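The block underneath contains the structure these notes are about, expressed in C-alpha coordinates.
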(Lines of atoms letter the chains of each structure in order from A and count residues from 1; the text may use other names and numbers.)
(Lines give C-alpha, C1' and ligand atoms only; values in the text may rest on other atoms or scores of the structure.)
Protein backbone atom coordinates (compact mmCIF):
# COMPACT_ATOMS: atom_id res chain seq x y z
CA UNK A 1 0.00 0.00 0.00
CA UNK A 2 2.75 2.47 0.99
CA UNK A 3 4.70 1.60 -2.18
CA UNK A 4 1.69 2.38 -4.40
CA UNK A 5 1.12 5.67 -2.59
CA UNK A 6 4.80 6.58 -2.95
CA UNK A 7 4.51 6.16 -6.73
CA UNK A 8 1.37 8.32 -6.78
CA UNK A 9 2.94 11.13 -4.75
CA UNK A 10 6.19 10.85 -6.71
CA UNK A 11 4.37 11.62 -9.96
CA UNK A 12 2.40 14.42 -8.32
CA UNK A 13 5.52 16.05 -6.85
CA UNK A 14 7.41 15.92 -10.15
CA UNK A 15 4.49 17.82 -11.70
CA UNK A 16 4.75 20.36 -8.84
CA UNK A 17 1.20 19.48 -7.82
CA UNK A 18 1.54 18.55 -4.13
CA UNK A 19 -0.98 20.58 -2.11
CA UNK A 20 -1.39 21.30 1.60
CA UNK A 21 -3.72 18.34 2.21
CA UNK A 22 -1.27 16.00 0.47
CA UNK A 23 1.60 17.23 2.62
CA UNK A 24 -0.35 16.88 5.86
CA UNK A 25 -1.48 13.39 4.86
CA UNK A 26 2.10 12.37 4.15
CA UNK A 27 3.28 13.70 7.50
CA UNK A 28 0.55 11.95 9.46
CA UNK A 29 0.63 8.60 7.65
CA UNK A 30 4.21 8.05 6.51
CA UNK A 31 7.23 7.27 8.66
CA UNK A 32 10.33 9.44 8.42
CA UNK A 33 12.08 6.65 6.48
CA UNK A 34 9.22 6.40 3.97
CA UNK A 35 9.20 10.18 3.45
CA UNK A 36 12.97 10.23 2.99
CA UNK A 37 12.66 7.45 0.41
CA UNK A 38 9.97 9.36 -1.50
CA UNK A 39 11.97 12.59 -1.44
CA UNK A 40 15.10 10.67 -2.46
CA UNK A 41 13.32 9.31 -5.54
CA UNK A 42 12.08 12.80 -6.40
CA UNK A 43 15.55 14.31 -6.11
CA UNK A 44 17.13 11.60 -8.25
CA UNK A 45 14.51 11.99 -10.98
CA UNK A 46 15.25 15.71 -11.20
CA UNK A 47 19.02 15.80 -10.79
CA UNK A 48 21.60 13.97 -12.88
CA UNK A 49 23.84 13.54 -9.86
CA UNK A 50 23.54 13.61 -6.08
CA UNK A 51 26.32 16.11 -5.43
CA UNK A 52 25.74 18.01 -2.18
CA UNK A 53 26.41 21.73 -2.56
CA UNK A 54 28.27 23.11 0.44
CA UNK A 55 28.13 26.67 1.72
CA UNK A 56 29.86 28.51 4.56
CA UNK A 57 29.20 31.81 6.30
CA UNK A 58 31.02 34.60 8.08
CA UNK A 59 29.44 36.52 10.94
CA UNK A 60 30.69 39.82 9.55
CA UNK A 61 28.95 42.00 12.15
CA UNK A 62 27.97 40.51 15.49
CA UNK A 63 25.53 41.40 18.25
CA UNK A 64 23.72 44.57 19.38
CA UNK A 65 20.71 43.78 17.18
CA UNK A 66 17.65 45.82 18.18
CA UNK A 67 15.22 43.16 16.91
CA UNK A 68 13.56 40.81 19.40
CA UNK A 69 13.64 37.44 17.60
CA UNK A 70 13.20 34.89 20.38
CA UNK A 71 15.75 32.43 19.00
CA UNK A 72 18.62 34.86 18.41
CA UNK A 73 21.60 35.25 20.71
CA UNK A 74 22.56 38.50 18.94
CA UNK A 75 19.43 40.35 20.05
CA UNK A 76 19.87 43.05 22.68
CA UNK A 77 16.97 41.35 24.48
CA UNK A 78 18.97 38.15 24.97
CA UNK A 79 21.35 37.59 27.88
CA UNK A 80 23.88 35.57 25.91
CA UNK A 81 27.60 35.96 26.25
CA UNK A 82 28.63 36.27 22.61
CA UNK A 83 31.34 38.20 20.73
CA UNK A 84 30.16 41.71 19.84
CA UNK A 85 31.92 43.66 17.11
CA UNK A 86 31.18 46.11 14.27
CA UNK A 87 31.40 45.23 10.59
CA UNK A 88 34.65 43.52 9.68
CA UNK A 89 36.79 45.20 7.04
CA UNK A 90 36.76 44.01 3.45
CA UNK A 91 40.23 42.56 3.92
CA UNK A 92 39.13 40.60 7.01
CA UNK A 93 36.15 39.21 5.12
CA UNK A 94 38.39 38.24 2.19
CA UNK A 95 40.87 36.52 4.51
CA UNK A 96 38.07 34.48 6.06
CA UNK A 97 36.97 33.36 2.59
CA UNK A 98 40.54 32.40 1.75
CA UNK A 99 40.79 30.30 4.92
CA UNK A 100 37.98 28.13 3.59
CA UNK A 101 39.89 27.58 0.36
CA UNK A 102 43.08 26.85 2.31
CA UNK A 103 41.20 24.24 4.32
CA UNK A 104 40.04 22.56 1.10
CA UNK A 105 43.62 22.57 -0.16
CA UNK A 106 44.94 20.96 3.04
CA UNK A 107 42.29 18.25 2.94
CA UNK A 108 43.10 17.55 -0.71
CA UNK A 109 46.79 17.18 0.15
CA UNK A 110 45.95 14.80 2.99
CA UNK A 111 43.90 12.64 0.63
CA UNK A 112 46.72 12.52 -1.91
CA UNK A 113 49.21 11.50 0.79
CA UNK A 114 46.79 8.91 2.14
CA UNK A 115 46.84 10.47 5.60
CA UNK A 116 43.17 11.43 5.83
CA UNK A 117 41.83 8.61 7.96
CA UNK A 118 38.34 7.49 7.02
CA UNK A 119 38.45 9.06 3.56
CA UNK A 120 39.23 5.93 1.58
CA UNK A 121 36.26 6.51 -0.72
CA UNK A 122 37.34 8.02 -4.06
CA UNK A 123 34.00 9.82 -4.06
CA UNK A 124 35.43 12.44 -1.72
CA UNK A 125 37.42 13.91 -4.60
CA UNK A 126 34.43 13.66 -6.91
CA UNK A 127 32.06 15.75 -4.78
CA UNK A 128 34.25 18.86 -5.08
CA UNK A 129 34.36 21.60 -7.72
CA UNK A 130 37.45 22.16 -9.91
CA UNK A 131 39.64 24.89 -8.44
CA UNK A 132 43.25 25.53 -9.46
CA UNK A 133 44.48 21.99 -9.06
CA UNK A 134 42.39 20.77 -6.11
CA UNK A 135 38.69 20.29 -5.36
CA UNK A 136 36.87 23.27 -3.87
CA UNK A 137 34.23 21.48 -1.84
CA UNK A 138 32.65 24.69 -0.54
CA UNK A 139 30.74 26.29 -3.40
CA UNK A 140 29.23 29.35 -1.68
CA UNK A 141 30.37 31.90 0.88
CA UNK A 142 27.80 34.10 2.61
CA UNK A 143 28.41 37.44 4.30
CA UNK A 144 26.01 37.78 7.24
CA UNK A 145 25.42 40.89 9.38
CA UNK A 146 23.39 41.41 12.53
CA UNK A 147 20.65 44.01 12.71
CA UNK A 148 17.51 44.94 10.82
CA UNK A 149 19.46 46.61 8.03
CA UNK A 150 22.92 47.95 7.23
CA UNK A 151 23.82 51.60 6.62
CA UNK A 152 25.28 53.01 3.40
CA UNK A 153 28.90 52.99 4.60
CA UNK A 154 28.61 49.36 5.68
CA UNK A 155 27.08 48.47 2.33
CA UNK A 156 29.98 50.05 0.43
CA UNK A 157 32.47 48.04 2.50
CA UNK A 158 30.55 44.83 1.81
CA UNK A 159 30.36 45.54 -1.93
CA UNK A 160 34.13 46.04 -1.98
CA UNK A 161 34.57 42.79 -0.03
CA UNK A 162 32.45 40.95 -2.60
CA UNK A 163 34.53 42.36 -5.43
CA UNK A 164 37.73 41.18 -3.74
CA UNK A 165 36.33 37.69 -3.13
CA UNK A 166 35.31 37.39 -6.77
CA UNK A 167 38.70 38.63 -7.97
CA UNK A 168 40.78 36.36 -5.74
CA UNK A 169 38.70 33.18 -5.28
CA UNK A 170 36.30 30.90 -7.16
CA UNK A 171 33.67 31.14 -4.44
CA UNK A 172 30.12 32.18 -5.28
CA UNK A 173 28.96 34.93 -2.92
CA UNK A 174 25.72 35.24 -0.95
CA UNK A 175 24.63 38.05 1.37
CA UNK A 176 22.35 38.12 4.39
CA UNK A 177 22.15 41.83 5.17
CA UNK A 178 18.69 42.31 6.61
CA UNK A 179 16.01 44.40 4.94
CA UNK A 180 17.58 45.70 1.74
CA UNK A 181 16.03 48.44 -0.40
CA UNK A 182 15.71 48.31 -4.19
CA UNK A 183 18.85 50.36 -4.86
CA UNK A 184 21.05 48.08 -2.76
CA UNK A 185 19.49 45.03 -4.38
CA UNK A 186 20.29 46.47 -7.82
CA UNK A 187 23.94 46.91 -6.81
CA UNK A 188 24.12 43.32 -5.60
CA UNK A 189 22.52 42.12 -8.83
CA UNK A 190 25.44 43.64 -10.75
CA UNK A 191 27.77 41.50 -8.64
CA UNK A 192 25.78 38.31 -9.30
CA UNK A 193 25.13 37.80 -5.58
CA UNK A 194 22.49 35.49 -4.13
CA UNK A 195 20.30 37.23 -1.53
CA UNK A 196 19.49 35.51 1.75
CA UNK A 197 16.43 36.56 3.74
CA UNK A 198 14.71 33.94 5.91
CA UNK A 199 10.98 34.12 6.49
CA UNK A 200 11.81 32.25 9.77
CA UNK A 201 8.17 31.18 10.30
CA UNK A 202 4.84 31.05 8.51
CA UNK A 203 2.82 34.23 8.07
CA UNK A 204 0.39 33.16 10.77
CA UNK A 205 3.06 32.15 13.32
CA UNK A 206 5.60 34.94 12.76
CA UNK A 207 4.09 37.17 15.47
CA UNK A 208 5.10 34.55 18.04
CA UNK A 209 8.81 34.89 17.30
CA UNK A 210 9.32 38.59 16.52
CA UNK A 211 7.49 41.89 17.06
CA UNK A 212 10.04 44.49 15.91
CA UNK A 213 9.66 43.77 12.20
CA UNK A 214 7.00 41.96 10.24
CA UNK A 215 6.62 38.95 7.99
CA UNK A 216 5.50 41.38 5.30
CA UNK A 217 8.80 43.31 5.62
CA UNK A 218 10.66 40.15 4.65
CA UNK A 219 8.29 39.23 1.84
CA UNK A 220 8.68 42.71 0.36
CA UNK A 221 12.47 42.28 0.09
CA UNK A 222 12.14 38.81 -1.43
CA UNK A 223 9.60 39.97 -4.02
CA UNK A 224 11.76 42.97 -4.94
CA UNK A 225 14.80 40.72 -5.33
CA UNK A 226 12.88 38.32 -7.57
CA UNK A 227 11.66 41.23 -9.71
CA UNK A 228 15.31 42.12 -10.28
CA UNK A 229 16.03 38.49 -11.21
CA UNK A 230 18.24 37.91 -8.19
CA UNK A 231 18.59 34.40 -6.81
CA UNK A 232 16.98 34.21 -3.37
CA UNK A 233 17.76 31.88 -0.48
CA UNK A 234 14.98 31.88 2.12
CA UNK A 235 13.81 29.37 4.68
CA UNK A 236 13.13 29.27 8.37
CA UNK A 237 13.98 28.03 11.82
CA UNK A 238 11.95 25.19 13.27
CA UNK A 239 11.31 24.01 16.80
CA UNK A 240 9.93 27.32 18.07
CA UNK A 241 6.60 25.89 19.16
CA UNK A 242 5.00 25.98 15.73
CA UNK A 243 2.58 23.22 14.72
CA UNK A 244 3.17 20.78 11.88
CA UNK A 245 0.51 22.68 9.94
CA UNK A 246 2.46 25.94 10.32
CA UNK A 247 5.65 24.25 9.08
CA UNK A 248 3.83 23.03 6.00
CA UNK A 249 2.18 26.43 5.43
CA UNK A 250 5.59 28.09 5.30
CA UNK A 251 6.76 25.63 2.66
CA UNK A 252 3.90 26.70 0.40
CA UNK A 253 4.52 30.38 1.15
CA UNK A 254 8.16 29.94 0.10
CA UNK A 255 7.07 28.04 -2.99
CA UNK A 256 4.67 30.83 -3.96
CA UNK A 257 7.51 33.37 -3.63
CA UNK A 258 9.59 31.30 -6.04
CA UNK A 259 12.73 31.16 -3.90
CA UNK A 260 15.69 29.30 -5.37
CA UNK A 261 17.19 27.84 -2.20
CA UNK A 262 15.56 26.88 1.10
CA UNK A 263 17.77 26.62 4.20
CA UNK A 264 16.29 24.55 7.00
CA UNK A 265 17.45 25.58 10.47
CA UNK A 266 16.43 23.67 13.57
CA UNK A 267 16.52 25.48 16.89
CA UNK A 268 19.70 25.02 18.88
CA UNK A 269 18.53 26.63 22.14
CA UNK A 270 21.16 28.96 23.54
CA UNK A 271 21.00 29.89 27.20
CA UNK A 272 20.01 33.53 27.52
CA UNK A 273 17.58 33.60 24.60
CA UNK A 274 13.81 33.73 25.02
CA UNK A 275 13.45 30.44 23.16
CA UNK A 276 15.77 28.72 25.64
CA UNK A 277 13.64 29.95 28.54
CA UNK A 278 10.47 28.75 26.82
CA UNK A 279 11.95 25.27 26.41
CA UNK A 280 13.20 25.28 29.99
CA UNK A 281 9.72 26.25 31.23
CA UNK A 282 8.02 23.63 29.08
CA UNK A 283 6.30 26.17 26.81
CA UNK A 284 8.13 24.79 23.76
CA UNK A 285 8.75 21.12 23.07
CA UNK A 286 12.06 20.43 21.27
CA UNK A 287 11.74 18.95 17.79
CA UNK A 288 12.43 15.20 17.60
CA UNK A 289 14.84 13.52 15.18
CA UNK A 290 11.89 11.88 13.43
CA UNK A 291 10.01 15.18 13.03
CA UNK A 292 13.13 16.96 11.78
CA UNK A 293 13.74 14.31 9.11
CA UNK A 294 10.06 14.37 8.10
CA UNK A 295 10.26 18.15 7.76
CA UNK A 296 13.35 18.01 5.55
CA UNK A 297 11.80 15.34 3.32
CA UNK A 298 8.46 17.17 3.07
CA UNK A 299 10.11 20.39 1.96
CA UNK A 300 11.74 18.52 -0.93
CA UNK A 301 8.45 16.84 -1.81
CA UNK A 302 6.58 20.18 -1.78
CA UNK A 303 9.36 22.13 -3.55
CA UNK A 304 11.06 19.54 -5.79
CA UNK A 305 12.78 22.11 -7.99
CA UNK A 306 14.22 24.29 -5.21
CA UNK A 307 17.54 23.60 -3.48
CA UNK A 308 16.84 22.24 -0.01
CA UNK A 309 19.81 22.78 2.29
CA UNK A 310 20.34 21.95 5.94
CA UNK A 311 21.92 24.67 8.06
CA UNK A 312 21.95 25.63 11.73
CA UNK A 313 21.08 23.15 14.47
CA UNK A 314 21.74 20.01 12.43
CA UNK A 315 24.46 18.69 14.74
CA UNK A 316 22.52 19.40 17.94
CA UNK A 317 19.18 18.05 16.71
CA UNK A 318 19.97 15.23 14.27
CA UNK A 319 23.02 13.90 16.09
CA UNK A 320 23.91 10.48 14.59
CA UNK A 321 21.17 10.77 11.96
CA UNK A 322 22.58 13.67 9.94
CA UNK A 323 23.57 11.40 7.09
CA UNK A 324 19.95 10.28 6.66
CA UNK A 325 19.11 13.81 5.54
CA UNK A 326 21.71 13.58 2.76
CA UNK A 327 19.27 11.34 0.90
CA UNK A 328 17.18 14.37 0.00
CA UNK A 329 19.37 17.41 0.53
CA UNK A 330 20.77 19.54 -2.28
CA UNK A 331 22.99 21.54 0.05
CA UNK A 332 24.60 21.65 3.47
CA UNK A 333 26.03 24.52 5.51
CA UNK A 334 29.47 23.67 6.85
CA UNK A 335 31.86 25.25 9.33
CA UNK A 336 30.81 27.50 12.19
CA UNK A 337 27.45 29.21 12.43
CA UNK A 338 26.76 32.77 13.59
CA UNK A 339 27.38 32.26 17.30
CA UNK A 340 27.61 28.48 17.65
CA UNK A 341 30.38 26.10 16.68
CA UNK A 342 29.92 23.69 13.79
CA UNK A 343 31.81 20.59 12.72
CA UNK A 344 35.13 20.72 10.93
CA UNK A 345 34.87 20.50 7.15
CA UNK A 346 36.88 17.28 7.12
CA UNK A 347 34.28 15.42 9.20
CA UNK A 348 31.41 16.59 6.99
CA UNK A 349 33.29 15.57 3.85
CA UNK A 350 33.88 12.12 5.29
CA UNK A 351 30.16 11.82 6.04
CA UNK A 352 29.28 12.87 2.49
CA UNK A 353 31.86 10.50 0.98
CA UNK A 354 30.49 7.62 3.04
CA UNK A 355 26.98 8.45 1.86
CA UNK A 356 28.04 8.60 -1.79
CA UNK A 357 29.65 5.17 -1.49
CA UNK A 358 26.38 3.48 -0.43
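In case you wondered, yes, glycine gets a Cβ from its N, Cα and C as well.
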Matching residue for the [2Fe-2S] cluster site, where Swiss-Prot names 142, 174, 309 - out of 104, 210, 233, 344: 233
Rounded Cα-Cα span from residue 72 ([4Fe-4S] cluster binding site) to residue 142 ([2Fe-2S] cluster binding site), Å: 18
Cβ-Cβ distance under 8 Å to residue 69 ([4Fe-4S] cluster binding site), same chain, at least six residues away: 75, 200, 209, 210
Spatial separation of residue 233 ([2Fe-2S] cluster binding site) from residue 72 ([4Fe-4S] cluster binding site) - C-alpha basis, Å: 19
Cβ-centroid neighbours of [2Fe-2S] cluster site 142, 174, 233, 309, 8 Å, sequence order: 55, 57, 140, 176, 194, 196, 261, 263, 331, 333
Around the Cβ of residue 142 ([2Fe-2S] cluster binding site), the count of other Cβ atoms that are within 10 Å: 21
Same chain, 6+ residues apart, C-beta under 8 Å of the C-beta of residue 174 ([2Fe-2S] cluster binding site), given in sequence order: 55, 140, 141, 142, 143, 193, 194, 195, 196, 233
